[in-house]
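*Asks:* Here it is: the structure, laid out below.
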Amino acid sequence: RGARGETEGRWSREAPGAWACGVERGGCQHECKGSAGASNCLCPADAALQADGRSCGLPAEHPCHQLCEHFCHLHGLGNYTCICEAGYQLAADQHRCEDVDDCAQLPSPCPQRCVNTEGGFQCHCDTGYELVDGECVDPVDPCFDNNCEYQCQPVGRSEHKCICAEGFAPVPGAPHKCQMFCNQTSCPADCDPHYPTICRCPEGYIIDEGSTCTDINECDTNICPGQCHNLPGTYECICGPDSALSGQIGIDCDPTQVNEERGTPEDYGGSGEPPVSPTPGATARPSPAPAGPLHSGVLVGISIASLSLVVALLALLCHLRKKQGASRGELEYKCGVPAKELMLQQVKTERTPQKL
């Protein structure tokens with residue numbers, strides 16, 4: 001029994017090694033070989049006997065990892081398959097990997113032009129199209145839905161800038177808007193095409209000869225107590241050596257008036273210096289008192305204003321006389337048209353004999 005017990009213990013699955021080969025093949029997974037009263041389990045050449053002495057398993061370093069170019073997939077006892085990376089296919093020898101010409105596939109993986117690369121491919125679009133999310137689409141117009149007041153001009157593939165018509169320039173701080181601009185002594189006026197007599201000029205200019213804008217020479221009005229330089233659409237005043245603001249550029253050289261009009265030195269950050277006048281076309285110009293020769297356009301404006309005042313006074317006089325109950329003939333003579341004057345003369349001629 002003891003021997004049998006030992007034999008039974010030796011045959012148990014807990015005991016390592018093979019049993020007698022005549023009993024269920026010694027418990028070996030692959031092959032059992034007995035010699036000189038001892039039994040041993042054998043495994044295939046590409047497998048190794050495991051710790052229990054009966055099972056067969058893959059060795060730690062399987063030779064397929066050196067045989068396959070990319071990857072080795074083990075399945076079953078001693079079996080393997082070589083696998084290639086994406087973009088490659090297994091060669092005829094079942095071990096090497098060859099590049100796949102993706103562009104030769106049908107349908108083509110690209111919407112327009114396909115360029116095959118090692119292990120992959122690249123999609124390109126025809127001239128005038130852009131590749132967006134794998135699709136070739138018309139490029140987005142940089143000027144689409146712009147807010148330019150006059151005209152939009154593309155800059156590159158995605159930017160744009162607003163341009164203005166001749167005689168206009170972008171407004172500083174609002175480049176989508178345009179304002180009249182003249183950097184010369186005279187420029188064409190901006191006239192209404194339906195009403196050619198209605199024209200406008202840039203700031204610092206005046207209508208002259210109907211459709212021409214002429215620069216106003218502010219220096220002729222003695223507005224600058226120092227050295228005055230007339231500029232297109234504006235002017236600059238350089239204070240003289242007898243001024244507390246000597247050498248500074250502004251619109252007034254009296255420090256008292258400068259401080260009253262522009263604020264205290266604290267308003268300038270404690271420097272005590274008045275700000276430099278802005279660039280031409282943006283100068284805040286005070287209303288100069290006419291002290292020099294007037295321009296022809298100014299004289300025309302004064303004449304029109306005077307004539308309008310006379311007409312208004314005559315109309316007021318007529319209205320007052322009507323309220324006072326003046327005779328119709330006298331009022332019509334003063335305020336009526338020439339046709340009514342002839343009728344009044346006939347009436348007066350007829351009334352004279354009646355009075356006699």
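Including glycine, each Cβ sits where the backbone N, Cα and C put it.
Given the structure is predicted, the values throughout are model-derived calculations rather than measurements.
Quick paste from Swiss-Prot:
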TOPO_DOM  1-296  topological domain 'Extracellular'
DOMAIN    17-57  domain 'EGF-like 1'
DISULFID  Cys21-Cys32  disulfide bond
DISULFID  Cys28-Cys41  disulfide bond
DOMAIN    60-98  domain 'EGF-like 2'
DISULFID  Cys68-Cys82  disulfide bond
DISULFID  Cys84-Cys97  disulfide bond
DOMAIN    99-137  domain 'EGF-like 3'
DISULFID  Cys125-Cys136  disulfide bond
DOMAIN    139-179  domain 'EGF-like 4'
DISULFID  Cys143-Cys152  disulfide bond
DISULFID  Cys148-Cys162  disulfide bond
DISULFID  Cys164-Cys178  disulfide bond
DOMAIN    178-214  domain 'EGF-like 5'
DISULFID  Cys182-Cys191  disulfide bond
DISULFID  Cys187-Cys199  disulfide bond
DISULFID  Cys201-Cys213  disulfide bond
DOMAIN    215-254  domain 'EGF-like 6'
DISULFID  Cys219-Cys228  disulfide bond
REGION    255-290  region 'Disordered'
CARBOHYD  Ser271  O-linked glycosylation site
TRANSMEM  297-320  transmembrane segment
TOPO_DOM  321-356  topological domain 'Cytoplasmic'
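A description of the local structural setting of each listed feature is requested, covering burial, neighbours and distances.
*Replies:* Classification of Cys21 (disulfide bond) by DSSP places it in coil, neither helical nor stranded.
The DSSP secondary structure for Cys28 (disulfide bond) is coil. Cβ environment of Cys28 (disulfide bond): Ala18, Cys21, Cys41, Leu42, Arg54 lie under 8 Å away, each six or more residues apart in the same chain.
Sequence-remote contacts of a segment are chain residues at least 6 beyond its ends whose Cβ falls under 8 Å from one of its Cβ atoms, and for the domain 'EGF-like 2' (60-98) they are 30, 44-47, 118-120.
Cβ contacts within 10 Å of Cys82 (disulfide bond), excluding its own Cβ and spanning all protein chains shown: 19.
Within 10 Å of the C-beta atom of Cys97 (disulfide bond) sit 19 other C-beta atoms, taking all shown protein chains into account.
Residues 85-89 of the same chain, all 6+ positions outside the domain 'EGF-like 3' (99-137), place their C-beta atoms under 8 angstroms from a C-beta of that stretch.
There are 17 other Cβ atoms within 10 Å of the Cβ belonging to Cys136 (disulfide bond).
Tertiary neighbourhood of the domain 'EGF-like 4' (139-179): same-chain residues 128-130, 187-188, 190, 202, 282, selected by CB-CB distance under 8 Å and a gap of 6+ residues from either end.
In the three-state DSSP scheme, Cys143 (disulfide bond) is classed as coil. Sequence-distant contacts (6 or more apart, same chain, Cβ under 8 Å) of Cys143 (disulfide bond) comprise Cys152, Gln153, Pro154, His160.
A 10 Å cutoff on Cβ-Cβ distances gives Cys162 (disulfide bond) a total of 20 other Cβ atoms nearby, all chains included.
Cys164 (disulfide bond) has a Cβ environment of 20 other Cβ atoms inside 10 Å.
Under the three-state DSSP scheme, Cys191 (disulfide bond) falls in the strand class. Counted within 10 Å of its Cβ, the other Cβ atoms near Cys191 (disulfide bond) come to 15, all protein chains included.
In this view, Cys187 (disulfide bond) is surrounded by 21 other Cβ atoms within 10 Å of its Cβ, with every protein chain counted.
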*Asks:* Cα-Cα separation of Cys32 (disulfide bond) and Cys82 (disulfide bond), in Å?
*Replies:* 32
*Asks:* Cys136 (disulfide bond): which of the disulfide-bonded residues Cys84, Cys162, Cys178, Cys201, Cys213 is the nearest Cα neighbour?
*Replies:* Cys162
*Asks:* Within 10 Å of Cys191 (disulfide bond) (Cα to Cα), which of the disulfide-bonded residues Cys84, Cys125, Cys148, Cys162, Cys178, Cys201 do you find?
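*Replies:* Those close enough are Cys201.
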*Asks:* Quick check for the class: what is the C-alpha distance, in angstrom and rounded, between Cys182 (disulfide bond) and Cys84 (disulfide bond)?
*Replies:* 73
*Asks:* Under 8 Å Cβ-Cβ from Cys199 (disulfide bond), six or more apart in the same chain: what's there?
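*Replies:* Listed in sequence order: Ala189, Asp190, Cys191, Asp192, Ile207, Gly210, Ser211.
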*Asks:* Enumerate same-chain residues with a sequence separation of six or more from Cys201 (disulfide bond) and a Cβ-Cβ distance below 8 A; give 'none' if the list is empty.
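*Replies:* In sequence order, the residues whose Cβ lies under 8 Å from that of Cys201 (disulfide bond) (at least 6 apart) are Met180, Cys182, Cys187, Ala189, Asp190, Ile207, Cys213.
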*Asks:* Starting from the Cα of Cys84 (disulfide bond), work out which of the disulfide-bonded residues (Cys125, Cys162, Cys164, Cys178, Cys228) are within 10 Å.
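*Replies:* None, since no candidate lies within 10 Å.
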